[in-house]
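Lifted from TrEMBL, the feature list:
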type: SIGNAL; residues: 1-22; note: signal peptide
type: TRANSMEM; residues: 269-288; note: transmembrane segment
type: DOMAIN; residues: 272-513; note: domain 'G-protein coupled receptors family 3 profile'
type: TRANSMEM; residues: 295-315; note: transmembrane segment
type: TRANSMEM; residues: 335-353; note: transmembrane segment
type: TRANSMEM; residues: 374-394; note: transmembrane segment
type: TRANSMEM; residues: 419-442; note: transmembrane segment
type: TRANSMEM; residues: 454-475; note: transmembrane segment
type: TRANSMEM; residues: 495-513; note: transmembrane segment
type: COILED; residues: 534-561; note: coiled coil
Amino acid sequence: MVPPPLLELSVLFLCITAGVKFCSTDVAQLPIDVVRASTVGNSSTAYECFENQYDMPLVFWHKVSLEPKLSLIRSLSIQDLTTKRELLMAGCKWLWDSVPGLILLEVYSGDQPIKTYKKPGNVYSSVKTKTNSTHWRCDESSFVEHVEITFENKITVIVEANLSAVTIDQCEKSDESNVFNGTNKCHDTTTDCVYKPGDRPFSAGNYWCVCKPGYYSAHVKYDGALVEVALPEEIEEKYSCHKCWEGCDTCEGPGSCMAKFAWIQRSTFLGITVVCIILTVILIWFVHKNRRIKVFRIASPTFLIITLIGCIIMYSEMGIMFPECTQELCVATKWARHFGFCITYLALLMKTWRVSLTYRVKSAHKLKLTDKQLLQWMTPILVIILVYMGSWTLSDPPQAVLCKETDTELKFWRCSNDWWDYCLAVGEVLFLVWGVRVCYVVRNAESFYNEAQLINFAIYNIFIVNITMMTIHFFLFPDIGPNFKYTLGFIRTQLSTSVTIGLVFGSKVIRVLKGQGDHWEKKLQAKGLMSYEMNEVCEETNDLQTENEELKEEIFKLATQIGLLKNSLMHVNNRHLRKYGCQSCNPVILNQQTPTSKTGSFFKSLGSNNCLAPSPNA
């Protein structure tokens with residue numbers, strides 16, 4: 001490497017004008033080959049120094065440093081000889097005194113010499129040539145760089161510098177033109193070259209081979225002098241570094257910088273989740289098999305099965321999160337979490353919304369909302385979610401990013417969060433708030449098997465769990481470790497999914513297993529709760545039969561009242577009727593007649609009423 005004064009105050013340059021050219025380098029013998037042969041090579045192949053034997057490219061002179069210094073000299077015309085002499089002499093004096101390492105400086109104007117400076121003992125006499133050139137020569141076993149440049153105004157500068165006092169820099173540089181740049185023999189993949197100024201002037205190997213970031217070695221660095229004489233196989237084996245474990249920016253050994261997974265804990269959580277999925281599949285089969293039992297038929301088997309399918313999708317998130325995070329798994333995780341939540345929550349909310357509409361009707365006309373109508377309203381919402389998730393996946397899919405644990409500083413892969421996540425989170429919060437409002441409206445609604453209240457509790461639970469987990473995930477602990485994150489995912493899944501299944505399906509399954517699935521709750525039936533019965537507005541195929549049964553009940557009640565009134569009026573002040581022995585004339589006995597009896601005995605009693613027969617004493 002050239003000493004700073006020599007670089008800063010250089011008087012020669014690579015290429016001043018288009019007319020300046022360098023003599024071509026011998027293909028078989030580059031400058032670095034000459035230096036290596038004379039410094040680190042075998043003595044039998046040492047470089048023999050002959051004058052003008054090799055034409056070399058310029059080594060150390062920098063065009064940028066020379067251009068402003070000689071701009072005035074280049075502007076001088078050949079006619080202004082007096083001014084030119086004074087300026088050239090002053091410039092030569094300044095350059096000779098300020099640039100160390102120069103052993104010769106000669107300036108010509110045309111063929112006329114202007115000024116010559118020589119170091120004592122330099123007996124070499126330069127010969128001015130017709131072309132610009134640069135080459136090396138030997139002076140008492142010392143390398144000398146000889147440079148000769150002629151400007152377009154016929155001013156010629158000849159400079160010789162002693163290279164033996166200069167340390168060669170073989171490392172890469174971008175701001176300096178140097179034929180030795182990049183000639184180091186460090187292992188390209190794993191090590192970097194670091195220049196080492198020292199006591200080995202003009203010789204190869206003045207550098208260290210230091211491990212790159214992300215690599216380590218038992219040695220902190222390798223001496224370039226040893227690397228220079230090593231064969232390529234030795235460099236690969238002895239003078240290279242090993243790659244650090246994934247996630248380590250820097251390392252001193254083979255230790256891992258990644259957070260370790262608690263595989264036993266994760267396997268336990270995954271095993272519990274798999275059991276829940278199997279039980280949910282069995283529950284789907286159980287609901288379908290017993291769909292005609294009243295406890296399931298009233299709750300709409302279609303929406304019950306849709307709810308269970310959404311729960312299975314949410315359960316699957318734990319399996320997707322089990323291995324190390326990748327971009328593909330991030331996309332699958334987002335789909336499982338949000339789409340499964342949408343299906344489950346929307347199915348429950350549609351059922352509750354139907355109860356809300358039915359409960360708020362104040363007219364005598366009963367509101368009919370079938371499963372088909374609810375599915376038609378549910379479909380557009382699902383389509384919107386599908387379009388949003390699809391656009392997200394195709395345009396800007398979630399990425400796996402490397403993060404650090406807050407406490408241990410260990411790294412782990414997690415899915416990125418961007419404005420797609422935040423927009424979807426806001427939409428889900430609004431959706432949850434609407435569901436809570438609907439549940440509040442129907443909080444006092446009574447239904448068979450307490451269906452409406454159980455769904456309300458499930459929606460309240462989903463609201464609380466999701467809001468809590470969003471707060472933890474986005475605000476409180478965004479960079480928690482992978483094991484804690486997986487634990488929170490398991491807790492969220494169990495609280496929002498398993499608890500929902502338990503609330504909505506637990507009592508129904510127990511009733512069916514006890515054989516009470518077709519039993520009505522008498523206290524609710526006595527209150528005329530048929531107007532709030534969910535199945536009455538869900539099973540479209542049974543509407544006609546249900547209405548006929550209700551019509552019969554109303555006719556039976558009306559017939560009972562008419563019979564009572566008729567018999568009472570006929571009995572009053574009618575001496576032709578018997579006062580005793582006629583059970584059908586007794587209002588108390590008539591009230592004990594079951595109005596819903598389908599045997600027709602009541603109408604037969606009206607048709608053959610013995611109370612109307614005349615008394616035998618009449």
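Numbers run from 1 along the shown chain.
Yeah, the Cβs are placed from backbone N, Cα and C, and that goes for glycine too.
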| request: State the residues, same chain only, that lie 6 or more residues beyond the ends of the transmembrane segment (295-315) and have a CB under 8 A from a CB inside it; answer 'none' if no residue qualifies. | output: 273, 276-277, 280-281, 283-284, 287-288, 336-337, 339-348, 350-351, 371, 374-375, 448-449, 451, 493, 496-497, 500-501, 504-505, 508, 511-512, 516-518, 533-535, 538-539
| message | Counting only residues 6 or more past its boundaries, what in the same chain has a CB within less than 8 Å of a CB in the transmembrane segment (374-394)? | response | 302-303, 331, 334-335, 338-339, 342-343, 346-347, 350-351, 354, 420, 424
| field | Model confidence over the coiled coil (534-561) (mean pLDDT, whole number) | value | 61
